[in-house]
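Annotated features in TrEMBL:
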type: TRANSMEM; residues: 114-134; note: transmembrane segment
type: TRANSMEM; residues: 198-216; note: transmembrane segment
type: TRANSMEM; residues: 228-246; note: transmembrane segment
type: TRANSMEM; residues: 266-290; note: transmembrane segment
type: TRANSMEM; residues: 311-331; note: transmembrane segment
type: TRANSMEM; residues: 374-392; note: transmembrane segment
type: TRANSMEM; residues: 404-427; note: transmembrane segment
type: TRANSMEM; residues: 433-453; note: transmembrane segment
Amino acid sequence: MIDNRLLLLLRKSRSVALKFSSSNSTSCNTFSPHFELSVQPQSRFYSSFQRIIPGASVTRSLVGRGLRSLLQNDIKNFCKPSFRNFSTSASISSKNTGGVKLLVTAGPKAQKAVGIWLFVSAAWVFSMVVLGGVTRLTRSGLSMTDWKFTGGLPPMSDDEWLVEFEKYKQSPEYKRINKGMNLDDFKFIYWMEYAHRMWGRALGIMFALPFSYFLRKGYITVGLGLRLSGLFALGAGQGLIGWWMVKSGLEEPPSEYTEPRVSPYRLAAHLTSAFAIYTGLFWTALSVVMPEPLAAESRVWVQGAAKVKRIALPVSILVGVTAVSGAFVAGNDAGRAYNTFPKMGDTWIPDGVLVLKPVIRNFFENTATVQLDHRILATASLCAIGGLWLYTRKLDLHPAIRSLIGSTMGMAALQVTLGVTTLLSYVPVSLGSAHQAGALTLLTFMILLNHTLRRPSLQLLKSLPCVVKAA
């Protein structure tokens, strides 16, 4: 008799737990990760258990653990902790992440240290891009006519400065553009280029030393170590690409009417490589501190994020292509031609946009075509981001994603405004540098958006509550 009543009571308790969890499925994220609220149904059950079954004080010790496990498992199946607890990787160990592969598994302090180091490295690359833009706009890039991988000390005496100045006087840039330049003016452009080169070498040291320390401590997993080694190798190669680019500007131009400048192809390769290093560092830093995407607290938000990602990825590629096309504008000095907007001079499409043969050369070497191409790509990027923003207004998304898309839209509008202002002002150094920094900032927003839109792990998807439309 007692056994039958006990079996009936077990079934009843399971039904109560199911109803309890179902009624709270729309607000499961209010439960703590340890499910502290589940203690109350258990205490009520124990009190009724003692009233129904005589001698329950004896049997409670036998079945208590099983009932507690049963109730907790029921609640865990229908109610999960807040997603924010999953995304805060600094407080998650490798055993309780539900199958998430952490890039740093030595604990929260190690994750925080590695994350800060990678974010600082990415910020350093950002500053390198800006400094490189200033160096180009001040025509300082060809002031140093030789290059050493490890670098060296700058001229320390008047005689050493005169030696460097004599080397520069042999270059095509001095003969055709800066002839008659005095020593003080030369020192200015020399210091600009020297600072750019040494800032890059300092980045290499700043990256290598912590990397070695974290490897020795065992903070970094094999996968992360391989990824960072590849980025370090790309950074070392960036110095070689930079000299390869500068060397093209030290050669005699093919025509006496052509200004000496670096090859636009090599400039584009140098800038694209810098963007790739920055993207890799920034994405990896985000993955270290946020192994799970931020934006899921219900499956409906995951589905909304998946819809956005299908559009955000091609938009990001378009933004990247637009930034690379800007390198060809800089390489051909096309920003100082057709300084009107929206028309290029008196026409929408200037004459001679396809005069070079083969035709493909015009998109990389023809000043008119390069600028027209950049205008079209920039307008397309603005329209694409605007379309993405309008599309997402009808979707049920996490507030963080919605805010991020709005910020990206604002940055895109600001970048186009900077570009037009720079063009109309005949490319002053301040605006030109701001426009280049704006391109990388917009790319940063797109990287952050795509990282936030990642699909959660399978274990996390299983733990999400039922699909409920957010109020």
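The chain as shown is numbered from 1 upward.
Glycine too: its Cβ is placed from the backbone N, Cα and C atoms.
Just so you know, TrEMBL annotations never went through curation; they're auto-generated.
Contact between the transmembrane segment (311-331) and the transmembrane segment (198-216) does not hold: fewer than three of their C-beta pairs are under 8 Å, each pair 6 or more apart in sequence. Among residues of the same chain six or more beyond the transmembrane segment (433-453), those with a C-beta under 8 A of the stretch's C-beta atoms are 126, 129-130, 133-134, 137, 275, 278-279, 282-283, 286-287, 290, 293-295, 305-306, 308-309, 312-313, 315-316, 319-320, 322-323, 326, 400-401, 404-405, 407-408, 411-412, 414-415, 418-419, 422.
Counting Cβ pairs closer than 8 Å and at least 6 residues apart in sequence, the transmembrane segment (198-216) and the transmembrane segment (266-290) reach fewer than three and form no contact.
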